[in-house]
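Data first, discussion second: the structure below is written as structure tokens.
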């Protein structure tokens, strides 16, 4: 675990080099992005880098504020560069995200950015998406019918449970998350669209065709994919 954390940090530190003075930065959510936000904040405090951050979760918002990064929103600014982690990345830079249950706002921010950079360790690089269960955010009233629909499509589906309280995980948007294990996903773009057409689905964790760069920390050093 410590090795992977070091590889995550390696990728995160490299991503900060892509940030220019004056940028509005999309701040992803998760353990790898945590390192990115901390280092970005250090450069703000110690080197005078001037940036603003658009957080994708309360977790990222609080960390940005603690790190000295000015927080803004999509209502006020366009995003120059978004930096986010991923649970899986295929050779075409399609992603599965949502392990942190923040994928809806992550997708909004990441897809609206002029440039979207993904930071991962080497364990997240896969030939084909699907080993990681696909997160699907649903409004609570639609939980059961959406679960049945996903199962009819061949998925094994679980309602994600919370570790901090009894009952299901509740997203920052007040919704539930279904983790749908489909196995190998042959056409990520088609699957992304199909899932989002199910009534009651808010967003799913496939990010097809929006990443511009992947920075991966590996045991042999940094690997850059474009």
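The backbone N, Cα and C atoms fix where each Cβ goes, glycine too.
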Among 70, 124, Swiss-Prot assigns to the substrate site of 29, 30, 31, 32, 84, 85, 86, 87, 97, 98, 99, 100 just 124
Quick check: with 29, 30, 31, 32, 84, 85, 86, 87, 97, 98, 99, 100, 124 left out, which same-chain residues have Cβ atoms within 8 Å of the centroid of the substrate site Cβ atoms? 28, 33
What is the interatomic distance between the Cα atoms of residue 29 (substrate binding site) and residue 106 (active site, proton acceptor), given in whole Å? 8
For residue 97 (substrate binding site) and residue 106 (active site, proton acceptor), determine the Cα separation and express it in whole Å. 9
Could you tell me which three-state DSSP class residue 99 (substrate binding site) falls into? coil
Three states by DSSP: which one describes residue 124 (substrate binding site)? helix
